[in-house]
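One structure is given below, encoded as structure tokens.
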Amino acid sequence: MADSNLNEPVIIQATRLDTSILPRNIFSQSYLLYVIAQGTDVGNVANKANEAGQGAYDAQVKNDEQDVELADHDARIAANTKAINILEVRLTTAEGKIVVLRSDVDYLLDEVIDIQAHLVTVDQRLDGVESDVSDIKSDYVSKTVTESQSLASPLDVKTSYSVDGIQVVGARQTGWTAATGTPLLGSFNANQSYTVGTTYTQSEVAALATGLEQARQRILALETALRLHGLID
């Protein structure tokens, strides 16, 4: 704080010093001039002292102002230092989070690569399924379609064939002994009647024999057909 005493001027009580106030006929002329010069010097010294005091006071005032400004600067520097420290903490935290995020991103990239590889496999499997579905659509036997359907391959069933719930073809019947002879595949009159008198004639017996032979041959033809279809053996 500035010293206010420095701002108070030095007051010289004896402001006038000349030969009129000195004793006469005592001092030599040179001494009188010396004394008068001393008075002038004292005034000059007082003026310089006052100027120096004023300068010192002004300097102290300026120093006080600078001290206030420096204190403000110190406060601002302290605040800035605190803010910088907070920013450094936040920056360190952010750097840590960035490291974590980079790790998470790397993990997610690996997951995406795995998913993409899995998608390629799924696409391949889907292509296979679509191809199979296309094949099934173009070549299948429906349970509900009423139009005629056909198979290019043999059909094997476990027990029997049925039509409207009624069995029409069953399992093969075994134990049949194959007949011999010539089967009758041509036409014959199933309503053929035979005339037989009270006494058998040769022609009547021959006609009956022929009819019996035709019947046996037709039976053989039917047996052969059943064998060829695998119904008997």
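Glycine residues also receive a Cβ, built from the backbone N, Cα and C atoms like all the rest.
Keep in mind that this is a model prediction, so the values were computed, not measured.
Model confidence over the region 'Interaction with tail hub protein' (2-50) stands at 68, taken as the mean pLDDT rounded to a whole number. Residues or ranges marked as region 'Interaction with tail hub protein' by Swiss-Prot on the basis of similarity to another entry: 2-50.
Feature annotation from Swiss-Prot assigns region 'Inverted coiled coil' to 175-233. Mapped onto DSSP helix, strand and coil, the region 'Inverted coiled coil' (175-233) counts 27 helix, 1 strand, 31 coil.
What Swiss-Prot records for 61-67 is repeat 'Trimerization heptad repeat 1', and it gives similarity to another entry as the kind of evidence.
The feature repeat 'Trimerization heptad repeat 4' is assigned by Swiss-Prot to 84-90.
Marked as repeat 'Trimerization heptad repeat 5' by Swiss-Prot: 91-97. Mapped onto DSSP classes, the repeat 'Trimerization heptad repeat 5' (91-97) shows 7 helix, 0 strand, 0 coil.
Across the repeat 'Trimerization heptad repeat 7' (105-111), the DSSP tally of helix, strand and coil residues reads 7 helix, 0 strand, 0 coil. Annotation source Swiss-Prot lists repeat 'Trimerization heptad repeat 7' at 105-111.
Per Swiss-Prot, the feature repeat 'Trimerization heptad repeat 8' maps to 112-118; the stated evidence is similarity to another entry. Beyond the repeat 'Trimerization heptad repeat 8' (112-118), no same-chain residue lying 6 or more positions past its ends has a Cβ under 8 Å from any Cβ of the stretch.
What Swiss-Prot records for 119-125 is repeat 'Trimerization heptad repeat 9'.
The feature repeat 'Trimerization heptad repeat 10' is assigned by Swiss-Prot to 126-132.
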